[in-house]
Amino acid sequence: MGTENDLDVEGQTEPPIRGLKSSKNTSASASSPTLAGTVRTAGTVSADSTPTLPGFTPELAHTLTVPDVSSLLETDSQNGLDNTEAARRLQQYGPNKVEGAKGLSLWTILLRQVSNSLTLVLVITMILSFAIDDHIEGGVIAAVILLNIVVGFVQDYRAEQTIQALYALSAPTCKVVRSGQTESIKAELLVPGDLVRLGVGDVVPADLRLVSSINLSTDEALLTGESLPVSKHAELILKDRDVPLGDRTNMVYSASTVTRGRAMGLVTATAMNTEVGKIAELLRTTRGKTVDEDSSMVKKIWTKFRNGLRVILGLDGTPLQVTLSKFALLLFGLAIMLAIIVFSVSKFNIDDEVLIYGICVAVAVIPESLIAVLTIATALGTRAMAKGNVVIRKLAALEAVGGVTNVCSDKTGTLTQGKMVAKSVWLADGTEITIQNTNHPFDPTSGDVRVGDVDWVLSEKERKTPAQLTSFLETVALCNNSAVTKADAAGPYTAIGEPTEIALQVLAMRFDSGKPQLTAGGSHGLLVEYPFDSSCKRMTVVCRADGSDDADSASAYAYTKGAIEAILPLMNASDALKAEIVTRAEALAALGLRVLCVARKPVDASLFSVEPKEGSEQSNNGLPERNTVECDLVFLGLVGLYDPPRVESAAAVAKCKEAGITVHMLTGDHVKTATAIAYEIGILSRDPSAAASSPNSIMVASAFDALTEAEIDAMPSLPLVLARCSPTTKVRMVEAMHRRKAFCVMTGDGVNDSPALKISDVGIAMGLNGSDVAKEAADMVLTDDNFASIVTAVEEGRRLFDNIQKFLLHLLISNIAQVILLLIGLAFKDNKGVSVFPLSPLEILWANLVTSSFLALGLGLEDAQPDVMQRPPHDLAVGIFTKELIIDKFVYGTAMGGLCLAAFTSVAYGVSGPDGLGELCNSDYSPACDLAFRARATTFATLTFLLLVTAWESKHFTRSLFNMHPEKYSGPLSVFKTIWQNKFLFGAVSAGFVICFPLVYLPVVNRTVFKHEAITWEWGIVAACVAAYILIVEAWKAGKRRRLAGVRNKKAVVGVEAA
């Protein structure tokens, strides 16, 4: 952030010297209000300026005097509203709630579960099944649809409940003055015109026009993105109604936090009329394409219909959602085409048998269990992510985050610890002190301290602190209102106060010179405090020296700290020393440190013996003026503070780089601070060649915002560090990435981050320090606000993507095999010329919904590959259906379908009896149908066992099942370790193998339900088909490995020749 320009100090513990800042002395006629005010700074209205008052709106409050606002709101700025009027206004304006933070409704969560094409295709298939009185098939499909809806609904509902538990933006209670009496009420009961009291730590419950303020500062980072608290002044009256929110210093806004002082203010806006509410309202708009208000009614209706249809069909969402929805529509079209082929073979003489067969062929091409398996696998992934401190609000976000190419992260609290630490000290005598390796900012024993060339250890009590250092530590400890404590010996340190002051207090405690130690036994008693003010950028306290209680003693010191430019002119120092101080300060600022100057001087304690009168509003009451105390100061030293990176950040950024993911830092902080942290954690490289290849890697937001879209797109690469970011800057950054076809993650915590979170591909909000509105706009929430958790989410997303490919391959192989089997099966005729089903309708459903489902789910639980974070993100343009997956599914599907045909024909025609395939064997068993039923049982067993083998072979697309993890297992028995590694999949294969036998042999179940018969010698055919299938798959994988090795060798030769 560079040299400190705006030092902030915690709310005062002693009566402040600077008195009440109030507008109540500004008079205005109640019957004819004016804008008369007092001039304090540029941009305010002069005292003799009295333009006509326009009608009141909340946007005008900062341009009006307090009497004007009070008159227009019909309230009393001293006594507030009466309870009757407050109740009436509550009925008129409604509760003070931001609707955007209410979360998702149950109906919305439920609708999300069915808004995809695959579910709609299953619904259509279910309807057709019931229409032809095939109640078993229809019931099974209905159960699959219900399972998908229930699992998805429960997961999304639980995630939403977790998010609701994290919501902490809105103030739950507040102090309000009604009828002259102060009472505590729920913040949602506030109404416009209420008079609210604010103190340190309070969350502002609504938008307020300040009536009075004492040393007030508020943290508006969630609303404006400003990293430092903003000083507020009730007496100011601004001239321009379009002043930015951050500069409206006579207003405080809902969701901001009071960091110092106290105040009273009139409520000007509540609920959705607040500035937070306006942003929440923007987030409630849809992402779909819209039309202009001037468009015709027909065009508006068409646009709404189109957007709704896209949502229902699942064509709006993550890449996988869109791809699978399009795939489902393709399969639906293919199913219709196959049914037409079946009907055409019978010359469209469609009886019940032909209709059932046509529907069977259509059902065979649709992977009914895909949506259920995908939902369950993703839900299990969210449970794993919850352990990694990531709450998934939308199931689809988990697979989406695995495909990210760029991560845009905030700095403070995400990449860094969000707490200030003193890193470097330069004393007046030239001594340098450094503090490194601090893991716990509040713990004075954490880290390594070096004083000059000596490593400092606090436990070495015999070591004497140098005099110059003692004076410096005494100043930073006493000119300080923070408290750093430890509840018990085994517990952690806790701190209360402003981050800057906490860091200074911890620094003093490292040398056993903290404020409690210095003030023990009445030492260094406080005489007076001149609190921080934004106009002077410094703070001073006057304390007795060495515990002297004699008011007439001259043993007192004025201790001062503040910005360099604020203290330098007040020091009694030579020009040479001042020049050296500036040089040292600039050197520290270049390292990204916030620099404070520390000084003191001896004063006469008797000058400060007058105590402030009780209730007095005067600022000095006979005490010395501030400018007489803050002069001729003796320079003690400089201290450089910074927000240290999290311990995990550097490793997480390195992991992202290794995974081909570019990390961008978008922060509201100073460019020097951002750059220093970016270098420290590895976002920026210190390699000169890297800097030369990317000249725009570091930019200030104002420069970036000044560029046109064409100029941004012409840049060779987008900035890695964007400092002083506004919400608009973040949105433009995301839009620029989208134009480059990048898939990006955006993190944010403030209300101002919500628009960028919403338009990013995956929005991630902070759970600890994030606002409700940011969580509402996000797809995921980090419960620990840690960047490393994002990397964990990416890794889990990639694992899920790989596993989706595996079980998708398995399911599609089964579908292709069944389509080949059933289409060619049209040629198998019985004695009446009717096609005989190679598989019965229920056998098809059993294979698709029972056998394949559990196998696919087992593949969805596969562990991540060892190289999952060592390869670039998958190509988003290609998506889930890579060239390798498409080729493999047709090769394996054709092989499986061919072997199933071989099994059927070997039994049906290899040992054909006198009755052949019998008559009407698709519906009922008769002795004449024995051969057809045995052939069907053989085909069913073959298909089942081939699916079981395929599940294990699909664990890796190129490696052999017999040597799948050479880095873990080796030897001829390694295959057993491989198949045992995934115990769920092993159980699913074992269960599928065992259950096949009762389905074949149990009476009634075989003939009546599955339409097949018990077999004996046919098991030899089944075994032969399984062996042949394994040989085909292993040969195909060996060919792929050989081709890959050839490509690698060719690249190596080319590389050597180029060298």
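The backbone N, Cα and C atoms fix where each Cβ goes, glycine too.
Positions annotated as compositional bias 'Acidic residues' by TrEMBL: 1-11.
Residues or ranges marked as region 'Disordered' by TrEMBL: 1-40.
What TrEMBL lists as compositional bias 'Low complexity' is 22-32.
According to TrEMBL, the domain 'Cation-transporting P-type ATPase N-terminal' annotation covers 60-134.
Residues or ranges marked as transmembrane segment in TrEMBL: 114-132 (among others).
For 138-154 (among others), the entry in TrEMBL reads transmembrane segment.
Marked as transmembrane segment by TrEMBL: 327-348 (among others).
What TrEMBL records for 354-377 (among others) is transmembrane segment.
Among the features that TrEMBL reports, transmembrane segment is placed at 807-828 (among others). Same-chain neighbours of the transmembrane segment (807-828): 338, 341-342, 345, 357, 360-361, 364-367, 369-370, 373, 377, 835-839, 844, 847-848, 852, 855-857, 859-860, 880, 885, 888-890, 892-894, 896-898, 900-901, 904, 908, 917, 939, 943, 946-947, 950-951, 954, 957, counting only residues six or more beyond its ends whose CB sits under 8 Å from a CB of the stretch.
TrEMBL lists 844-861 (among others) with the feature transmembrane segment. Tertiary proximity for the transmembrane segment (844-861) is limited to same-chain residues at least six positions away from its ends with a CB under 8 Å from its CB atoms, namely 136-137, 140-141, 144, 360, 363-364, 367-370, 372-374, 376-377, 380, 800, 803-804, 806-807, 810-811, 814-815, 818, 940, 943-944, 947-948, 950-951, 954-955, 982, 984-989, 991-992, 999, 1010.
Residues annotated as transmembrane segment in TrEMBL: 890-911 (among others).
TrEMBL lists 931-952 (among others) with the feature transmembrane segment.
Long-range contacts of the transmembrane segment (984-1002) within the same chain, counting only residues at least 6 positions beyond its ends with a Cβ under 8 Å from a Cβ of the stretch, are 846, 851, 854-855, 857-859, 861-862, 937, 940-941, 944-945, 947-948, 951-952, 955, 1010, 1012, 1014-1015. The transmembrane segment feature in TrEMBL is assigned to 984-1002 (among others).
Per TrEMBL, transmembrane segment is recorded for 1014-1033 (among others).
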On the DSSP side of things, how many residues of the domain 'Cation-transporting P-type ATPase N-terminal' (60-134) fall into helix, strand and coil, could you say?
-> 49 helix, 0 strand, 26 coil
Distant-in-sequence neighbours of the transmembrane segment (354-377), which means Cβ under 8 A and at least six residues beyond its ends = 116, 118-119, 121-122, 125, 128-129, 132, 134, 137, 141, 144, 147-148, 151-152, 155, 324, 328, 331-332, 334-336, 338-339, 341-343, 346, 395, 800, 803-804, 807-808, 811-812, 814-815, 818-819, 822-823, 835, 837, 839, 841, 844-845, 848-849, 852-853, 856-857, 860-861, 922
Across the whole of the domain 'Cation-transporting P-type ATPase N-terminal' (60-134), what does the mean pLDDT come to? Round it, please.
-> 79
Could you tell me what the rest of the chain brings near the transmembrane segment (890-911), counting residues at least six beyond its ends with Cβ under 8 Å?
-> 809, 812-821, 824-825, 828, 836, 838, 917, 931-932, 934-936, 938-939, 942-943, 946-947, 950, 953, 1018, 1021-1022, 1025, 1028-1029, 1032-1033, 1036
